[in-house]
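Peer 1: Sharing a structure, written as structure tokens. Questions coming.
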Amino acid sequence: MVTIHNLGFPRIGRHRELKFALEKYWSNAISQDELLQTASTLCKQYWQNQNKLDWVPVGDFSFYDHVLDMSFLLGNIPKRAENLSDNELDNYFRVARGRAFINESERTCIQAGEMTKWFDTNYHYIVPEFSQETNFALQAQRLIAQIRQAQAQGVKVKPVVIGPVTYLWLGKSKDKINKLDLLDSLVKVYTQLFDELVKLGIEWIQVDEPILVTELETDWQVAFRKAYDILANSPIKLLLVSYFGTLQDNLSFACGLPIDGLHIDAINAKDEVQLLIDSLSDDKILSLGVVNGRNIWKTDLSTTLLWLEPIHQQLQNRLWLAPSCSLLHVPVDLDSEQELNDDIKSWLGFAVQKLEELSLLAQALNQGQASVTKEIANNIDAINSKKYSPLVHNAKVKERIAKVNDELGNRQSDYKSRTKLQSEKFNLPLYPTTTIGSFPQTLEIRQARHDYKLGKLSAEQYMQTMRSEIRYCVQVQEHLGLDVLVHGEPERNDMVEYFGQQLSGYVFSQFGWVQSYGSRCVKPPIIFGDIFRPKPMTLDWITYAQSLTNKPMKGMITGPVTMLNWSFVRDDQPRATTCLQLSLAIRDEVLDLEKSNINIIQIDEAALREGLPLRKSQWQTYLDWAIRAYRVSANGVSDETQIHTHMCYSEFNDIIEAIAQMDADVITIETSRSDMELLDIFDEFDYPNEIGPGVYDIHSPNIPSVDSIVELMQKAAKYIPIKRLWVNPDCGLKTRHWDEVNLALTNMVLASQQLRKN
């Protein structure tokens, strides 16, 4: 009999119930008990959704981030937060979000933990912090409470934890300690945890070690053997879980670890399955991730079964089936969608549907395909409908793609020639100030957008409301003394969705939300077909904003690589081809802005780095087509037009040469959480163009002081000539409140003025 299980379920709720509860709690609108009740209700719903599974993951729920949960479970709490008097949950949120100075009686100020991408996804985790003083201590109360709640509901529980080697690999040393020196003390705490789980009657534990799909150095492979030789002494059965790629050179040693089962991502590592079967001993389970946990397309059940049947014959009861990875990365339930085109909806599957597919696969293997004849036939119809649909294919787009050449990606002159012309045109001071694009999305803005969608506001009324917001943004920026302005993006719900809604080849869900970090959710658009731009997308808003000021106004566009990486992407052609289609559509927009005298244009590539394959040996192929797509989108303009790009959360040191090849006149980057550490690369690499290192963390409510900004920029000036430095926040300001924005930007402008005097 085939066993089916899941690796993780979306946390946020069908209608983002967790998001709204968190934000109410943070604003003191509900009590902690009410927040905990929301979490309890959601967990019960999740477990009910998974009631056909043989093993259900528990411990995958999180109030903010599962890596931060692991840090607290292991007692690895940053010293700046460990001695606060409030309860554990509030301390947890302070590490995640930071805490500003409030008043004289409550002086505690906490810096937020550093946040970075979870492997190559659009999820962000709070980076564990290590030092010579790190002392692990088991604090498993929250996990144990979840397990007991699930057991009381009759759930067959499989707890989920991040494995010890991956946990160390994900973290950052604060004093240059070798992270692997902490392995022995860390494994002791895992042993204690497993002992506690045995007392709860737990048979299997899921231990996530996704770094198995990366290129591990020998010392990390040795660490695996060392850790699992100890953990194998526990009576609990260990399911070692990898995902997001292939094992390759880690396959042999992973199969030889003293574990009871191994899960692989069979979507990406299908070619390794037979070698795994041959390499695993006969007493070990092989779990195959056969349903894609990263995308929203239906599984081709017929083709999958054809492949699985001989494997089932070989493995029999040793075969487990699961999604390729946690379903954290897909929306909750397709049945919530009532407005999607019927054909397109028939091609999709969200988390609930993926578990149904898993159940059908198991039934077909265990009871024969005759038991699911109707379901298989319906699935075949949907797969064929997508393959041949005229909604998907556009001959004109394919013809334009065929004509793309390298010349399209080249500027007329090099940066040194361009910057002279741009300096004369804009006449900006040293340390010019700007923001990244968005300003606070107030309740009034969201309400207007909502009413417009429902038809309660006419197009004219909506336009006037948005223009009023733009006017206010421009007035605020002029009053603050910023040098290069933005229109504030009140008309944009999301930087990808806004553009996708205006491009053919995209479709949008109502409730297709996924978690990005904490309470921040995104609704990735769905690329189902060939992409083109029917008409200008930003022109009216930007030109209106420019009419309100004599200062330069930045045009704001999301770049092709970010559009791709933050969308659910069609799976019937190479991603590089889809990205090039996007770049041509964006190029048309850039040229229209320039024709309308918008001569500073920012093309955001916030997600460039997250598209990198997890194995460095595969990076160059990705970077070649990604940088080409960016250059095609940006480089049709004249030398006087200044092109900016922005990258948030991008640890770009190892791709700095590729970023330089983008040839943007100005790049703005996230650096404040890392204390300008990201700029170390410029000791070795002479970056030729202009840079705006972010001077404060917009994800935290903390207000930066003038002195802190001056200090950060002085650090930056050690690496970059001051004539090529800009002053800006880390990222857009849409999630902040106006009072925070005004205070922070006031200090930023004052700091810039002080720097000019020096």
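Every residue, even glycine, has its Cβ placed from backbone N, Cα and C.
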Peer 1: According to Swiss-Prot, I436, G437, S438, D604 bind L-methionine; so which of E399, E478, E489, E491 is the extra one listed there?
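Peer 2: That L-methionine site, as Swiss-Prot gives it, pairs I436, G437, S438, D604 with E489.
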Peer 1: Among E610, E670, E711, which is the one Swiss-Prot gives for the Zn(2+) site where H646, C648, C731 also bind?
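Peer 2: Between E610, E670, E711, Swiss-Prot records just one in the Zn(2+) site with H646, C648, C731, namely E670.
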Peer 1: Swiss-Prot has R16, E17, L18, K19, R520, C521, W566, E610 down as binding 5-methyltetrahydropteroyltri-L-glutamate; which of K117, K425, K453, K456 does it also list for that site?
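Peer 2: Candidate in the recorded 5-methyltetrahydropteroyltri-L-glutamate site: K117.
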Peer 1: Which residues, same chain and not among I436, G437, S438, E489, D604, have a CB within 8 angstroms of the centroid of the CB atoms at the recorded L-methionine site?
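Peer 2: Not counting the recorded site residues, we get T435, V486, M495, M556, Q602, H646, C731, G732, K734.
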Peer 1: Between the binding-site residues K117, H646, where is the Cβ count within 10 Å the lowest?
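Peer 2: Counting other Cβ atoms within 10 Å of each of the binding-site residues K117, H646 gives the minimum at K117.
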Peer 1: Are there binding-site residues among L18, C521, E610, H646, C731 that sit within 10 Å of I436 (L-methionine binding site), Cα to Cα? If so, list them; otherwise say none.
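Peer 2: Candidates kept after distance check: H646, C731.
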Peer 1: Please work out the number of neighbouring Cβ atoms within 10 Å of the Cβ of E489 (L-methionine binding site), leaving out its own Cβ.
Peer 2: 25
Peer 1: Filter the recorded positions E610, H646, C648, H699 down to those whose C-alpha lies within 10 angstroms of the C-alpha of D604 (L-methionine binding site); answer none if the list is empty.
Peer 2: H646, C648
Peer 1: I'd like the Cβ neighbour count for G437 (L-methionine binding site), meaning other Cβ atoms within 10 Å of its Cβ, all protein chains included.
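Peer 2: Result for G437 (L-methionine binding site): 25 neighbouring Cβ atoms inside 10 Å.
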Peer 1: In the three-state scheme derived from DSSP, which category covers L18 (5-methyltetrahydropteroyltri-L-glutamate binding site)?
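Peer 2: Assignment for L18 (5-methyltetrahydropteroyltri-L-glutamate binding site) reads helix.
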Peer 1: In three-state terms from DSSP, label C731 (Zn(2+) binding site) for me.
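Peer 2: Note: C731 (Zn(2+) binding site) is coil by DSSP, not helix or strand.
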